[in-house]
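Notes to accompany the following structure.
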Amino acid sequence: MDTHDRITRMWCSPSAVDLFPPREREATSSVLVSTISRTSHRQSVQPAEGNQTQAAERSSVCSQGATMRLLDERIWLLFRRHLQQTLTYWSVFFSFGLCIAFLGPTILDLRCQTQTTLQQITWVFFSQQFFLLVGSTVGGLFKKTLLSSLSALFASALVISLVFAVIPLCHHVILLSVAMGVAGAAMGVIDTIGNLQLVRLYQKDSAVFLQALHFFIGLGALVSPLVVDPFLAENSCVLSANWTANSSGSDLEHLRNTLAGHGAPLHNASQYPLYTEGVVVTRVSYAFWIMAVINLPVPAAVLALMFHERLVRCCRSSPPLITKKPDISSHPTKEQQQGHGGLLDCCRPSNLQGHPATFFIIHALGGAIVFITDGIIGCYAGFVYTYAVSPPLLMGYKAAGCLDSVFWASITAGRLCFIFFSYRYAAPALLSVSLVGVILVQLLLLIFYSSHVFLFMATCVLGLCISSVFPSMLAFTEDVLDYKGSATIVLVTSASTGEMLLQLLVGSVIHSKGSYSFLLCTTITSFISFCLFLLLLYVHRVHRNLQTDSTPCLDMKDESKSGGS
């Protein structure tokens with residue numbers, strides 16, 4: 001190993017801050033820079049005699065290659081250092097995806113289990129979404145210490161498994177709504193704590209790992225319908241005395257796909273033979289018990305992490321692992337600890353003093369953007385089937401039923417791809433491309449509104465473009481605000497609120513104006529989100545200039561205090 005590689009490894013190690021004092025780090029930096037420059041000079045001496053342009057290009061390529069090697073080494077060392085923590089948070093978000101995707105396909109079987117009407121059973125959607133918002137809001141309260149955060153994650157993951165196991169025993173819609181509310185609150189806590197912990201671990205390098213974190217949501221959302229599908233009733237699951245087998249097969253499939261959208265409008269629901277009295281023949285209980293077993297390793301992984309960090313009471317005889325390996329990313333400052341509370345905690349007057357107006361504007365703009373984009377995801381997943389089977393498309397039930405799966409599969413694939421892109425490109429560039437892509441796709445959908453093939457193509461491209469907006473916005477906003485932590489709380493809560501409220505608003509517009517208004521609503525909100533993003537970039541520039549101007553003043557105050565003492 002040559003001198004350049006040894007210096008690279010030493011400088012890129014995340015523990016370099018703890019291993020070397022400031023003077024040695026400065027010396028190491030100067031040696032590294034000189035090494036890179038000497039390497040560039042050797043490769044450009046001979047071409048300089050012939051063609052100076054080629055020499056400059058080769059020198060630039062050499063410097064870029066050295067920089068990329070530095071970044072490669074740093075990211076890899078960070079991942080290896082926090083391997084168990086990172087894998088645990090990813091697995092918890094897989095549990096989140098499992099829980100968020102099972103309700104739509106199973107709603108008719110759950111109606112049979114509770115022997116209720118369609119209007120009554122759809123309240124479980126509202127219960128899950130509302131308490132997910134509540135859990136996201138209060139989730140930051142568990143972030144005071146690592147013990148409290150991991151304990152909350154363990155309890156939430158275990159609650160999800162218990163809810164899966166208990167759902168088959170809920171034979172009344174009120175009990176089912178309570179169970180879904182508890183699961184929604186657990187999901188909200190997972191959403192907030194998982195994002196906060198990953199941002200705290202990796203800070204300026206968190207964009208790559210946030211993309212992977214949200215990829216596991218999509219992975220869980222894909223696995224859940226695959227587990228459920230073999231156990232769904234193909235005909236009416238409540239047999240009445242006047243039941244006929246030839247009157248319910250395709251109608252139930254159409255109704256199930258329509259109800260997959262939370263709050264989707266139901267037209268002429270009375271035409272379907274949905275009996276509330278009779279013999280229940282559903283087998284969906286087995287699907288929930290299988291998912292409960294699949295989810296059990298997740299709380300076990302969180303408990304193993306608590307043992308690894310020596311946070312469990314039986315391990316208290318030895319000091320916690322964090323105190324043996326000090327790390328800036330594991331020990332936030334006092335200001336960061338104050339910001340890592342809940343949504344209401346970060347809005348206390350004591351935490352709001354001393355910040356410029358741009359600090360609050362960045363919070364508001366970031367929250368508004370993810371409010372819209374996550375709302376678009378919820379609206380498109382919820383209403384694309386209704387749009388496809390309505391005039392002018394009039395697509396077949398089976399083909400239209402695939403659109404929702406295609407959309408979620410493209411979101412999952414997009415987050416997987418953006419793991420690499422977020423490593424290569426900055427978050428503002430990725431956000432610009434994603435938001436412009438969302439607008440262009442929806443404009444083309446408005447133009448080619450009668451094409452079945454283009455609807456499938458646009459669904460794929462829309463999922464790819466919009467998949468990375470939330471993790472990229474989270475990484476960008478936290479970086480702008482120096483990882484105070486309050487931005488994560490605001491963004492997670494705003495995203496949950498947008499996913500719930502925009503579906504209700506768009507659903508009411510579709511009910512009154514027709515299915516074509518669905519695309520018009522999402523296109524208008526996409527334009528608004530892009531305009532807000534441009535305003536966010538401008539406010540970011542102003543905020544950075546304010547911080548630059550305030551730094552000399554702070555240095556002068558420190559010097560005057562030291563001189564006075």
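Going from the start of the chain as shown, residues are counted 1 onward.
Here the Cβ of each residue, glycine as well, is placed from N, Cα and C on the backbone.
Keep in mind that TrEMBL annotations are predicted by a computer and have not been checked by a curator.
Values in this document were obtained by computation on a predicted structure and should not be read as measured data.
Database features, via TrEMBL:
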{"type": "REGION", "residues": "40-59", "note": "region 'Disordered'"}
{"type": "TRANSMEM", "residues": "87-108", "note": "transmembrane segment"}
{"type": "TRANSMEM", "residues": "120-142", "note": "transmembrane segment"}
{"type": "TRANSMEM", "residues": "149-167", "note": "transmembrane segment"}
{"type": "TRANSMEM", "residues": "173-196", "note": "transmembrane segment"}
{"type": "TRANSMEM", "residues": "208-228", "note": "transmembrane segment"}
{"type": "TRANSMEM", "residues": "286-307", "note": "transmembrane segment"}
{"type": "TRANSMEM", "residues": "358-385", "note": "transmembrane segment"}
{"type": "TRANSMEM", "residues": "405-423", "note": "transmembrane segment"}
{"type": "TRANSMEM", "residues": "430-449", "note": "transmembrane segment"}
{"type": "TRANSMEM", "residues": "455-476", "note": "transmembrane segment"}
{"type": "TRANSMEM", "residues": "488-510", "note": "transmembrane segment"}
{"type": "TRANSMEM", "residues": "516-539", "note": "transmembrane segment"}
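Sequence-distant neighbours of the transmembrane segment (430-449) (same chain, 6+ residues past either end, Cβ-Cβ under 8 Å): 373, 376, 392-393, 418, 421-422, 455, 458, 461-462, 464-469, 472-473, 476, 516, 519-520, 522-523, 526-527, 529-530, 533. Remark: the transmembrane segment (358-385) contacts the transmembrane segment (455-476), by the rule of 3 or more CB pairs under 8 A. Of the two recorded stretches, the transmembrane segment (488-510) does not lie close to the transmembrane segment (405-423), with fewer than three CB pairs under 8 Å once pairs fewer than 6 apart in sequence are set aside. For the transmembrane segment (405-423), the list of distant contacts is 71, 75, 101, 207-208, 210-212, 214-215, 218-219, 221-222, 225, 377, 380-381, 384, 430, 456, 459-468, 471-472, 475: same-chain residues at least six beyond its ends, Cβ to Cβ under 8 Å.
Residues 89, 92-93, 95-96, 99-100, 103, 110, 113-114, 116, 120-121, 123-124, 127-140, 142-143, 149, 152-153, 155-157, 159-160, 163, 166-167, 210, 213, 340, 474, 485, 488-489, 491-493, 496 of the same chain lie 6 or more positions beyond the ends of the transmembrane segment (173-196) yet place their CB under 8 Å from a CB of it. Fewer than three CB pairs closer than 8 A are found between the transmembrane segment (149-167) and the transmembrane segment (455-476), and contact between the two stretches is not assigned (pairs 6 or more residues apart). Against the transmembrane segment (455-476), stretch 208-228 has more CB pairs under 8 A than any other of 87-108, 208-228, 286-307. Sequence-distant contacts of the transmembrane segment (208-228), counting only residues of its own chain at least 6 positions beyond either end whose CB sits under 8 Å from a CB of the stretch, comprise 75, 79, 86, 89-91, 93-102, 105-106, 194-195, 198-199, 201-202, 284, 287, 290-291, 294, 405, 408-409, 411-412, 415-416, 418-419, 422-423, 467-468, 470-472, 474-475. Remote same-chain residues near the transmembrane segment (87-108) are listed as 121-122, 124-125, 128, 153, 156-157, 160, 163-164, 180, 183, 186-187, 190-191, 194, 197-198, 212-214, 216-225, 227-229, 232-233, 237, 252, 255-256, 259-262, 274, 284, 287-288, 291, 294-295, 297-298, 301-302, 304-305, 404, 408 (criterion: CB distance under 8 Å, separation of at least six residues from the stretch ends).
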